[in-house]
Amino acid sequence: MCGIVGIIGQSPVNTQIYDALTLLQHRGQDAAGIMTSSRGKFQLQKANGLVKDVFRTRHMKRLEGNIGIGHVRYPTAGSSSPALAQPFYVNSPYGIGMAHNGNLTNTSELAEDLFRTDLRHLNTDSDSEVLLNVFAHELGDLKKLRPTPDDVFTALTALYKRCRGAYAATGMISGFGIFAFRDPNGIRPLVYGKREADNGSIEYMVASESVALDVLGFELVRDVRPGEALVITESGKLYTKQCAENSTLTPCIFEHVYFARPDSVMDDVVVYKARRRMGERLAEKIKREWADHDIDVVIPIPDTSRVSGLAMAQTLGVKYCEGLVKNRYIGRTFIMPGQAQRKKSVRQKLNCVSLEFEGRNVMLVDDSIVRGTTSRQIIQMAREAGAKKVYLASAAPAVKFPNVYGIDMPSAEELIASGRTVEQVEREIGADKLVYQDLDDLIACVDGINPDIKEFECSVFSGEYVTGDVDAEYLLRLDAARNDAAKKSDGNKKEEDEDEAVVGIHNEVD
Ligand SMILES: O=P(O)(O)OC[C@H]1O[C@H](OP(=O)(O)OP(=O)(O)O)[C@H](O)[C@@H]1O
Ligand SMILES: NC(=O)CC[C@H](N)C(=O)O
Ligand SMILES: [Mg+2]
């Protein structure tokens, strides 16, 4: 998942974009970038690292202008090299910058077409650079000296016909303004909001999650619709248009399970409420199928499962306690790039308060079990802390299939539940009992709130991919390119890239 933001205001936007990116940091910890526009020139600072590490005062001073976009990256295509940090830039036509969340599923075909037919150069193996170049080609093809909002919509209509997969994006065009668009399935989230500036003019912001609007004082207008594009010109005028034919809102359910902050609202669903319901449904399942359970205490595995853990304990009528303490200086472990780093970080991140475990039958709750890195270690720790029995409940169903839409789960083999029964996973992680949420129950937690949502993108649980273009051969290629072993050899490449950072167009300037 990545986080994106775009602001068009009446005063410098650099610190506001910085603040928005810190609010979206949970969506990507690998790299961050801000691009602003001032007096016909773009300024850019992007590099690997957390937002607080990427931007120094000297960078912020350079990032001048009342228009800007920002990105926090969690890589799902190409390497983790700083050259793939976003926003990306192309100089023609006009000068365009873009930040993208999601993952294209026809990147190689598009890259080939861009090279052979559109005569455009790609400098990295990022799908986001491909997305930007498709847009730039289509806009340039209109051969206008100055683009109009309609030209941008025409270019995006053509982009929708060419690009497949998941994409929520925002960008800026020099001398023109900001644009944003969401794929025809609305797989990745995107909202926009407005606020009144001191001079009475309206300022606009687009962002991956509403939490960024809330904290920066923007009022949430609504979600960008699937297949919809919006344009805000430098003079502050907003235009919206439905550009893709056959759009159906099928948002990613995993946003509600894990990715989003609980205080965000996505497609009219309050993430916090969805997570509470997940806890309630899990409790109902336990009451139904294990009526004579002997759970003494429910303990969530922080951070994400806290909300559902509490709801589950309340519905079960069992004591809830925070028996695991999280080191607030360690980020999210699941979105870290390598398995060795993930494994080490779980222990550094979580520690037991032994007295909550001693002599008790403990029900641990997590939002999801993906590779099993977290649950294996926590169950072991719970036993060492003196628990009598250690049970585990997952607020999401078993994760069995790769994700191709912006979550870095490329290989079924790395998923602990792939090809295993519940009992086999239970044994693998060392639990005395394992309870998974049923998929119908998970869907029921988020369904019915927004009638426009006809279906959710649930591929990691069901193996069904809503874009209809993902087959076994595609998944095989993805696995070979991005499984942990492949990424490890890419890690060596990253070090080389860093040595050669001075030749990249992503140069950091001191
Ligand atoms: O089975 P695994 O491969 O370990 O992945 C699942 C775990 O990873 C995530 O936690 P993470 O530490 O990323 O973030 P959190 O603090 O928001 O819970 C998620 O909440 C689970 O705890
Ligand atoms: N998680 C994402 O949204 C990733 C965006 C893009 N595919 C990248 O790898 O940079
Ligand atoms: Mg977690």
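Just so you know, glycine gets a Cβ as well, placed from its N, Cα and C.
Since this is a predicted model, take the numbers as computed values, not measurements.
What TrEMBL records for CYS2 is active site, nucleophile. Counting every protein chain shown, the Cβ of CYS2 (active site, nucleophile) has 27 other Cβ atoms within 10 Å.
The Mg(2+) binding site annotation in TrEMBL covers THR304, ASP366, ASP367. DSSP assigns ASP366 (Mg(2+) binding site) to a strand in the three-state reduction.
According to TrEMBL, the compositional bias 'Basic and acidic residues' annotation covers 485-495.
The domain 'Glutamine amidotransferase type-2' annotation in TrEMBL covers 2-235.
Positions annotated as region 'Disordered' by TrEMBL: 485-510.
By the criterion of other Cβ atoms within 10 Å of the residue's own Cβ, the least surrounded of the binding-site residues ASP366, ASP367 is ASP366. THR304 (Mg(2+) binding site): 23 other CB atoms within 10 A of its CB, across all protein chains. Report note: the Mg(2+) site is defined by THR304, ASP366, ASP367, and the residues of the same chain whose CB lies within 8 Å of the CB centroid of those residues, excluding them, are VAL257, TYR258, PRO300, ILE301, ASP303, SER305, SER308, VAL365, SER368, SER394, ALA395, ALA396. ASP367 (Mg(2+) binding site) sits 19 Å from CYS2 (active site, nucleophile), taking the C-alpha atoms as the reference points. Looking at THR304 (Mg(2+) binding site) and CYS2 (active site, nucleophile), their Cα atoms lie 17 Å from each other. Checked against ligand 2, the binding-site residues THR304, ASP366, ASP367 give no residue with a Cβ under 6 Å from it.
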